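These notes are about the structure you will find just below.
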Amino acid sequence: RAGVMPAVLGAAWALLAAAFLATLLLSRWAPARRPGGGVVSGLFQDLIRYGKTKRGCRQRPAWLRLLQVPKRWFTHFYVVSVLWNGFLLIWLFQAEFLGGSLPSWIQHLHSTCGRDSQSKDMGNEHFSALLVLTLLWLHSCRRLAECLWTSVFSNGVIHVVQYGFGLAYYIAVGSTVLCQVPTNIRNGEELSVQISWYHIVGAVLYIWASLHQHRCLVILANLRKSKSGKVISLSHSVPFGDWFERISCPHYFAEFLIYVSMAITLGFCNITWWCVVMYVLFNQALAAVLCHEFYQENFSSYPEHRKAFIPFVF
């Protein structure tokens, strides 16, 4: 089921995961308030923090404050993802079910990313990739809807580099799924859809994690709303309920589980996608640790038993 790993993509995601692991470790050795940290330390903290966690930093220089955009622009990430991954999903669906072929530019993308043009479908590789791309698109649609109608954004900011990285990420992750499909696609043959046990397990985990992520985002939003649903505050409060009883950032943990569910859906053996999962793990862990520190520093009665990211572990 793994097929031939697209070498360039696998290496790129592995390096990105390693970079975020190093950043996570370095953030433990370079606390935001260490005196005499200098310009480099300030820039480092500005690049890894966003929203409320930037408030834990000392006053940032004026030139750094110029390089920031509103955190609510997170919405743009999901607009891009819905459009781009929806576009890829349409092309793949047509190629799989309607006997079409992938456009030449997608085949060039396969070649650039190291996909062997002669690689053959291993089992349900075509259908698995189609299913994962569908799950990714649905995830983006839900997150876009939540940004528009559920979440209540404060006046927090993100660095313009983080913003650009986020836009590029959602283009790259959909393209990565597409590159798991052999390029010698169908040639007019009908797709033989065979649902395997790992498709079911992956879909169940995806639904379970998505439901919990939505519940946790609703809990966060309700902290700033009255019972009637009117926004009454943009301040931060301690959330309770659902997975918040065990960890500070359950929505980040759920995001990680969603990507694990996609790895399962691809048949467990797709090395490239496991590199994506490792990137998501370290990326979300970094954000969770910084949020956990914010809660601990700003709320004296914050529950001591809560972990930052993974229940009972970390």
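Every residue, even glycine, has its Cβ placed from backbone N, Cα and C.
No curator has checked TrEMBL annotations; they are predicted automatically.
If you look up TrEMBL, you'll see 195-314 marked as domain '3-oxo-5-alpha-steroid 4-dehydrogenase C-terminal'. Residues or ranges marked as transmembrane segment by TrEMBL: 6-26, 73-93, 152-171, 256-282.
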- Item | Long-range environment of the transmembrane segment (256-282) - Cβ separation under 8 angstroms, sequence gap at least 6 | 1-3, 5-6, 9-10, 13-14, 16-17, 20-21, 23-24, 123-125, 128-129, 131-132, 135-136, 139, 173, 176-177, 179-180, 196, 198-199, 201-203, 205-206, 208-210, 213
- Query: By DSSP, how many residues in the domain '3-oxo-5-alpha-steroid 4-dehydrogenase C-terminal' (195-314) are helix, how many strand, and how many coil?
  - Reply: 74 helix, 4 strand, 42 coil
